[in-house]
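> The structure under discussion is supplied below as structure tokens; questions concerning it will follow.
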Number of protein chains: 2
Amino acid sequence: MSVTAAKGFTAAGSAVGIKKNGNPDLALVVNRGPSFAAAGVFTSNRVKAAPVKWSQQVLKGGRVRAVVLNSGGANACTGPQGFQDTVATADKVADVLGLDAAHVAVASTGLIGTLLPMDRLLPGIEQAAGELSEHSGEKAAIAIKTTDSVHKTAVHQGAGWTVGGMAKGAGMLAPGLATMLVVLTTDADVDAAGLDAALRDATRQTFDRVDSDGCMSTNDTVLLLASGASRLTPEYGEFASAVRAVCDDLARQLIGDAEGSSKDIRIEVVGAASESDAVEVGRSIARNNLLKCAIHGEDPNWGRVLSAIGTTSADFDPDRLNVAINDVWVCKNGSVGEDRDLVSMTGREVRITADLAAGSESAVIWANDLTAEYVHENSEYSS
Amino acid sequence: MSVTAAKGFTAAGSAVGIKKNGNPDLALVVNRGPSFAAAGVFTSNRVKAAPVKWSQQVLKGGRVRAVVLNSGGANACTGPQGFQDTVATADKVADVLGLDAAHVAVASTGLIGTLLPMDRLLPGIEQAAGELSEHSGEKAAIAIKTTDSVHKTAVHQGAGWTVGGMAKGAGMLAPGLATMLVVLTTDADVDAAGLDAALRDATRQTFDRVDSDGCMSTNDTVLLLASGASRLTPEYGEFASAVRAVCDDLARQLIGDAEGSSKDIRIEVVGAASESDAVEVGRSIARNNLLKCAIHGEDPNWGRVLSAIGTTSADFDPDRLNVAINDVWVCKNGSVGEDRDLVSMTGREVRITADLAAGSESAVIWANDLTAEYVHENSEYSS
């Protein structure tokens, strides 16, 4: 049901000719109110795409009436012309729907460093507006795909209210955020401050802990729009938990569909002196190419886990580190533990547990293995 | 000529049965004096192999009479037994050669997390000692190979004195240091403090700027031994320059032989506000898997360079960044520059120039592309 699961939203997903292959490439999500509260979280990359710069300004007002998203071009590193194109896109949506452009968020995804075909995108907005429907959430999710093999949606039902959403992302996935466009909608009546708190809390523990390939995008955008159409205002904790559940669901779908991957790696760091130590160690393990190759080869090469831990500044004693792979403690006290031949790695999910023996904090990071298919897909992306 | 190019050194490279395939796996380098001054630089990984812990203590005395190196096992993450094995190795060398074990450095390379076969290593030391010769520098260089396709040696001739050396390393190459064992020898008469200064200066600008796969080793060891046999003490700058030349030569050989690589990538960061900014940006570019794949595919995907720069804390304005690939400035002022179709990437060496437009400092980092062969080699290393 995607972004139209919650009441008060319409959506469209149209093929307007931005992608050369004719696949759907333009999505619209429109909030019909009565509330228009919104929150957003954006990439921490200092090189930001034009639509990110625009939408950051829009979200400062805490009010979004429509989101326009295109695949087929990131509109990043496109200079003043690229920014003008984003403004023209928001203006066109505002014009067609009778809104103020200051309430129109824009998101783009695709190749960096090429201008969007505005001669097709602007008429495409008229076409998409004509296709807006309460039943087109799935179509919108399909239209934002790039190298995604499947579209990603999730829904959580509260007591009389709903949180739903869609996501795209299959590569350049790394903390802060993963390369993704995400639009979440709810018919709960929550103000912008409440949405912002719930969204930041959720992304910090979900999208920010997905690290497919260590590469941080220029375009990451996660938006949460509230229509208030349910006329219900849930208790904050309950609402935040629902937002987090939807984000967690979508984040897992991103990892499960990462480019060329054959394994999903769940890295749990336990016994950490602080949560930030746990996250730092988890990311270091997640980014170790040698380990990612070993897991691809179903080789429980735990020495590569230890060498990754050793590059961090976290609190630990190398002689007290313990590591389990799929629950077999192959490393105990920094040295050889249980027999590595006991480890079976045939399933898609591989669990690595790293015990720092330095405290009681923990964190989970999700990553993927490194495969020849990943190399193949990313050797030819722009050519 | 390797470690025996300088006068006053003998070496051996022997097959003693540590490697199951019967290839040479034990090297000895012996300083015959009259001086025994030495300096060493070691991995900054906090998980350090037993021989690293041992050799760091030996080098604190500034005096090394012999180095014993084995391939076929890293003796890392092997606990108290692993450390005892390193001590027994140094003791055996001391015993056979009539030295004090406190002057015997030990280095190991191979798989992490397995104990060395001491029943073959200890008799192997006797065998290698019997094969010591002033002409066996090449053999020593061959005996320290792991996945290296070729052995690596370099020599620099001064006015009546020589600096020579050998290196091994083909994967797990990343700053601080790359995964490598390096032994440099000289017959110049330089004290331990002079050797230490020259070696640190050289490694900082050579081995520390090689980043093949972003993975930092537990075993990196670079040693510089002086015999004083030339009876000459060169001016410091001249000597330091010679040490740097040999390190630079060996570092380039490491990159040229990196596992599964098809491209050597020379990343030069210019216009930086500080040298540390330039190094930080260079390493971020060097570690971007998506860019490494693109270069493998000969795709001048400069957006991936910008997204890598954007993750750093270096001083720059995103709208002033310039990027050249093989001297074609495909990105100017953070946006589209010269036609990317002008870029030819058919050669093995690919040059990326990133201009931060924020100052006058610069640095060069060497990296490799990411290939299906890298994945293949590292999926099966320990099994």
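A Cβ is built for glycine as well, from the same backbone N, Cα and C atoms used for every other residue.
When I checked TrEMBL for this same protein, it listed these features:
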type	residues	note
ACT_SITE	B:THR179	active site, nucleophile
BINDING	B:THR146, B:LYS168, B:THR179, B:GLU259, B:ASN378, B:SER383	substrate binding site
> For chain A, which of the binding-site residues B:THR146, B:LYS168, B:GLU259, B:ASN378 fall under 8 Å by Cβ?
B:ASN378
> So for B:ASN378 (substrate binding site), how many other CB atoms are inside 10 Å of its CB?
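That number is 28.
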> Should B:THR146 (substrate binding site) be counted as helix, strand, or coil on the basis of DSSP?
coil
> Taking 10 A as the limit, how many CB atoms besides its own sit near the CB of B:LYS168 (substrate binding site)?
27
> Across all the protein chains here, work out how many other Cβ atoms are within 10 Å of the Cβ of B:GLU259 (substrate binding site).
26
> For B:GLU259 (substrate binding site), name the DSSP secondary structure in the helix/strand/coil scheme.
coil
